[in-house]
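Lifted from TrEMBL, the feature list:
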| type | residues | note |
| --- | --- | --- |
| DOMAIN | 1-440 | domain 'DUF8201' |
| TRANSMEM | 6-26 | transmembrane segment |
| TRANSMEM | 38-58 | transmembrane segment |
| TRANSMEM | 64-81 | transmembrane segment |
| TRANSMEM | 102-122 | transmembrane segment |
| TRANSMEM | 158-191 | transmembrane segment |
| TRANSMEM | 220-241 | transmembrane segment |
| TRANSMEM | 253-282 | transmembrane segment |
| TRANSMEM | 288-307 | transmembrane segment |
| TRANSMEM | 409-429 | transmembrane segment |
| TRANSMEM | 435-452 | transmembrane segment |
| TRANSMEM | 464-484 | transmembrane segment |
Amino acid sequence: MIAAIVCWFLTTLVFFSFGDIFISLYSKVLKRKESYSFFETFLIGLCVTGTIICISSIWLPSDIKIALALGIISVSYLITVRRKDIVSKGCATIKSLSPLQIILIGSAGLLFMLFFLVPPQFPDIYYYHMQNILWNEQYHVVPGLANLEERFGFNSNLFLLCSAFGLRLLFGEFVFGINALCMAFMMIYIVRQANQRQLFLTALFITVFIPFFMEYKTHIGCSSADLLPNLLIVYLLFTLLTDQQNLRKKSILFWLIPIFCITLKVSTVFICLVSLYLLILLIKEKDYKATAFICIIALIVVAPWLVRNVIISGYLIHPYPAVDLFTFDWKLPVEYSIESKRYIESFAISYDAMYNSSDYILDMPLAVKVQKWLGERHPLDICIAGAGLISPLLMLGALFRKKGFVKDYSTLLLVWVIGLMGFLFWLVMAPAVRFGYGFITIIFSIPVYLLFKDLKNPVRILSANVLLIATIAYFGVLSVRYFLIVKEPYVSYTEILYKPQSIQTRLDKYPVKMEVFNLNNTDFYKPLDGGCYDHALPCSNNYIKNLEMRGKTLQEGFREKKN
C-alpha cells in the first residue's frame, strides 16, 4: 500500500501541476479566463505529461528518472508560484465537504486501490504490455520493435505513462496505479456533483458508471489501454450534460482530451470531431489566435506519437497499413500488419479467432456472426450493445417530445451524431464492448437525459446520498471480493502494506517454459505455453519470420532479413 500511495501521490502531483501550468499558459497567451476543477486540471495534466514523455522517449528511456524530474519541477512550481492559492483552495474545498462526502471519497480511494495491490487479471498484460513497458523503461524508441511483437506497434501513450510512473525500479514490482487513480477521481467527481436539484443527473451518472466498472473491472489494476480513453470520453459527456455551455467555458477539455485520446487508442478518433467543431466555432468568430494555438498544440501532441509509430512499426498508424508512406528497412512486413487488423476484427466477433484463421471468422454470414457474438458474450455486454442499438429510437422520441430541440440542445445533438459515428465504426470494425463503451454511453445517455431530465423524484426516500452510499457499498463488495480471490493465501498482508503482491506468485501458479535462440550473440526468448510476463528482454510470442538485428545492440532495432 505504501507503493500505491507513493504512486498516486507522485502521479497526482505531476498531473495537477502540469495541468495548472498549461491552463495558465493558455490563459496568458489567449487572454482567456476559464475555471477548471481539481479533477479537470488533473486530466489536462495527464494529457500534457503524456505528451512530454512521448517527446522525451524519442531520445531517452521513460523510467522513474523522468517521473522524478517532472515531480521536482512540479514541487518547485507549486511552492514558488501557487503555494498560497493551493493552500487556500484546498482548505476551502475540504471545509465544503460534508462528513458523508468525506467518508464516501475516502472509501472510493481505498476500494479502487485494492485492484492494483494484487497481480493483474487482464491477459494482455502478460502477453505484451509488460514487455512493452520494459522496452520503454530500458531504451528510447527502438526502430522496428514491432518485428518482435506486432502489438508493440499499437504504441499507446498509456504504456509510456506506466513506464515512468510504475515505480518498478523503486519497489521491484509494477505499480499499475494510473487507471485506478482515474477511476477513483471519477467516482469522487460523481460524489461532488451530486445534490438534490440534480437527482436525475446523479442517477444517470451512476447508471453509466456501474456498468463501466463491471465492464473494466479487470482493467482497473493494470495498464489496459481500453479503460482510460473510454473513461475520458464518458467524463466529457458528463461535463456537457451538466452544462452544454461547458464546451466554451471549459474549452481546453474539449479540444485537448479528444486529441490525446488518439494517442491512447486510435479507434477513439471520432471523438476528435468535437475538437473540430470547437475549432470551426472559433474560426467563425474570427478568433484566429485561439485557432492557431489549438492547431499548434494538437500538432505537438500527435506528431511525436506518429514519429514513434513510424520508428516502431514503419507505418504512420499500425495496424492500418493502407497509410503506407515509408520504406524504412525496419518496417514490419505488411502481411503482419494486415493480419493484426483482421485478428482484432475477428476476435471482437468470436473467441474462435484464437483457434482459427481470421478469414474463417470474417467470411461467416452476418447471421452466423451475430449468433456467435450473442452466444459468447456476457449478458452485460449484450445489454450495453443493446442500449446503443435502441438509442436512435430514443433520440427520435426526444425530437418529437421537445419543441425547439435543435435550437436549445444543438451541442448535445451534434455530440450525439459524433457518438453515433463512433458507434457505427465500432459496430462494423470490432464490436467488443470494451473498445466502444464511450461512444455507446454518448448515444444512449443524451436522449435519456433529454427525455427524463425534468422527471420528479417518484420515491421520497430516494436521494442522491442514498444512491451514492448504495453505489460505493456495491463497488466495495466487488472490490474486496476481487482482492480476496486474486490474493494468494500465503502472501502476508504485511507484505502488501509495502508493495503489490509479486507477479512471481502468478508465475509460480502458472509456470512458463521458455525457448531460447541466438541472434548476434544475443539470447532471444519465446514462451512455449503462456506469456512473457516481465522476463528479460527480448521476449515475445510473435517474432516475425527471418528476424534479424539491425546492429550489434538491441537499441539499434530489428528488421526482416531479406533473401
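For all residues, glycine too, the Cβ spot is worked out from N, Cα and C.
Scored by C-beta pairs under 8 angstroms, the transmembrane segment (220-241) has its highest count with 158-191, from the stretches 6-26, 158-191, 288-307.
Same-chain residues lying 6+ beyond the ends of the transmembrane segment (288-307) with a Cβ under 8 Å from its Cβ atoms: 26, 29-30, 32, 47, 51, 54-55, 57-58, 155, 157, 255-256, 259-260, 262-263, 275, 278-279, 282, 316-317.
Of the two recorded stretches, the transmembrane segment (6-26) does not lie close to the transmembrane segment (464-484), with fewer than three CB pairs under 8 Å once pairs fewer than 6 apart in sequence are set aside. With respect to Cβ pairs under 8 Å, the transmembrane segment (464-484) is most closely packed against 102-122, considering the stretches 38-58, 102-122, 158-191, 253-282, 435-452. By number of Cβ pairs under 8 Å, the transmembrane segment (64-81) is matched best by 158-191 from the list 38-58, 102-122, 158-191, 253-282. For the domain 'DUF8201' (1-440), the model's pLDDT averages out at 93. Sequence-distant neighbours of the transmembrane segment (102-122) (same chain, 6+ residues past either end, Cβ-Cβ under 8 Å): 1, 4, 8, 175-177, 180-181, 183-184, 187-188, 191, 217-224, 468-469, 472, 475-476, 479-480, 482-483, 486-487, 496, 500-503, 505-506.
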